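J.: From TrEMBL, for reference:
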DNA_BIND  A:14-53  DNA-binding region
BINDING   A:G88, A:M89, A:G90, A:R91, A:L92, A:G93  NAD(+) binding site
DOMAIN    A:77-178  domain 'CoA-binding'
2 protein chains.
Amino acid sequence: MTGIPTATISRLVTYLRILEGLEAHEISRTSSNDLAERAGVTAFQVRKDLAYFGRFGTRGMGYTVPILKRELMRVLGLNQTWNVVVVGMGRLGQAIANYPGASDYQFQYVGLFDVNPDVVGRTVRGLPVRHMDELPEFVRGHKVDMGFLAVPPDHAQDAAQALAGAGVRGILNFAPTVIQPRMLERAGQQEISDEWRAVIVENVDFLAGMKRLAFYILNPHLNAVDTEETE
Amino acid sequence: MTGIPTATISRLVTYLRILEGLEAHEISRTSSNDLAERAGVTAFQVRKDLAYFGRFGTRGMGYTVPILKRELMRVLGLNQTWNVVVVGMGRLGQAIANYPGASDYQFQYVGLFDVNPDVVGRTVRGLPVRHMDELPEFVRGHKVDMGFLAVPPDHAQDAAQALAGAGVRGILNFAPTVIQPRMLERAGQQEISDEWRAVIVENVDFLAGMKRLAFYILNPHLNAVDTEETE
DNA sequence: TGCTGTGAATTCCTTCACAGCT
DNA sequence: AGCTGTGAAGGAATTCACAGCA
């Protein structure tokens with residue numbers, strides 16, 4: 001059961017957001033055409049994307065908003081709680097920690113970390129900023145699932161390895177750097193033998209976004225209307 | 001001369017970043033293999049990506065770091081100055097306005113905007129926060145090229161239209177919403193007839209990044225090591 | 001020999017057309 | 001009749017193999 005396009009996952013996130021908007025406006029029915037228009041893709045695409053994961057509609061009728069929303073949340077793993085630490089409490093890290101909407105969808109910030117003594121000990125969003133030395137114990141003790149990485153680029157690899165070594169399952173990397181995956185080893189890797197799982201890295205890079213924008217302004221004919229970026 | 005993959009542009013940004021790192025370490029030569037390893041892609045990919053834009057290497061020798069860097073900057077439009085306004089001066093907007101590295105590469109913040117009276121009039125990074133009412137005149141007067149959009153999602157479409165109407169050429173949208181392109185019309189559209197150019201929209205969405213991460217943690221076998229994301 | 005540049009092959013993703021329920 | 005779900009066709013993007021220079 002391999003082979004779901006990465007782009008499909010990004011679009012599912014978009015569909016989910018649209019469904020939330022519809023629900024907020026108390027619209028209870030939709031269709032592949034309606035979703036497609038709102039998402040800026042084709043109706044074929046919507047149906048194909050959904051078909052990877054099941055049959056959520058009714059022929060001749062369309063989709064029921066709450067049902068499709070629930071199913072997409074299940075598919076995307078958003079009906080469970082995710083414990084998150086943020087590493088790097090500079091301006092970006094603070095903005096991330098305070099971003100409204102992150103706390104929806106069961107993303108719970110449980111710990112904040114930095115190495116700068118000026119920052120460690122301060123309180124952000126009601127949580128104390130801890131020193132990185134405490135990370136391994138904290139991750140194990142608090143069942144942390146993900147780390148959000150908002151450190152300067154030259155410290156990103158080290159911090160990513162610290163997170164991976166402490167045992168997180170995924171890293172959302174905000175630093176404009178490629179994290180080398182082969183150096184990411186989870187704590188207790190030797191215990192896991194058969195069912196070895198790599199640490200997942202997703203990137204959010206807005207410097208890259210700025211540069212892509214510059215390119216497409218200069219070369220508008222090369223621009224395709226798409227959902228994400230890249231990424 | 002159509003058909004350069006969007007993913008290629010994202011990767012060019014990555015290559016450029018690597019070249020900057022090499023230059024900072026006074027490494028003056030590289031190769032498709034070296035770049036590939038650092039970028040987490042194949043050497044074929046690197047060469048193909050570069051080949052879309054020219055011949056920058058020497059057979060048998062590889063690439064000269066400063067030359068390839070210069071060429072990539074030219075291709076990406078980073079050897080010119082881009083005037084930027086930031087719309088939405090909440091925590092995220094402030095983090096963006098203060099982000100180090102944005103001011104490299106000739107992205108110059110020339111204006112900051114909001115509608116909240118508590119924020120308008122305050123100073124961020126030495127610039128006064130102006131009211132959105134002033135946007136159209138400001139964009140024309142200061143030759144603004146791009147707008148960075150960091151407003152709440154329910155105001156993103158309106159703000160995007162305001163930016164487009166004021167005459168910016170591109171929008172970097174940080175709000176978790178799809179901007180409907182058909183409503184973006186540049187000021188003076190009637191004047192431009194033949195050489196009509198759409199406003200380019202690039203998205204940077206870290207809520208989407210969080211959700212993709214959740215999915216790939218639950219489905220690690222579906223994860224492909226890639227540069228962006230989407231997106 | 002070593003590494004780039006590039007047509008050809010392959011794989012992957014999207015688009016299409018229509019079968020299948022309601 | 002209307003809209004979903006899906007195998008098949010088509011189109012892109014990546015991978016490959018090797019020709020072409022230094």
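Using the three backbone atoms N, Cα and C, a Cβ is placed for every residue, glycine included.
Help me picture where these features are in the structure shown.
T.: Confidence for the DNA-binding region (A:14-53), expressed as mean pLDDT, is 98.
Mapped onto three states, the DSSP output places A:G88 (NAD(+) binding site) in coil. Taking a C-beta cut-off of under 8 angstroms and a sequence separation of 6 or more, A:G88 (NAD(+) binding site) has the following same-chain neighbours: A:F113, A:D114, A:L149, A:A150, A:V151, A:P152, A:H155, A:A159, A:F174.
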J.: Reported in the order helix, strand, coil, what are the DSSP residue counts of the DNA-binding region (A:14-53)?
T.: 28 helix, 2 strand, 10 coil
J.: When each of the binding-site residues A:G88, A:M89, A:R91, A:L92, A:G93 is checked against chain B, which show a C-beta distance below 8 angstroms?
T.: A:R91, A:L92
J.: For A:G93 (NAD(+) binding site), which DSSP three-state class applies?
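T.: Note: A:G93 (NAD(+) binding site) is helical by DSSP.
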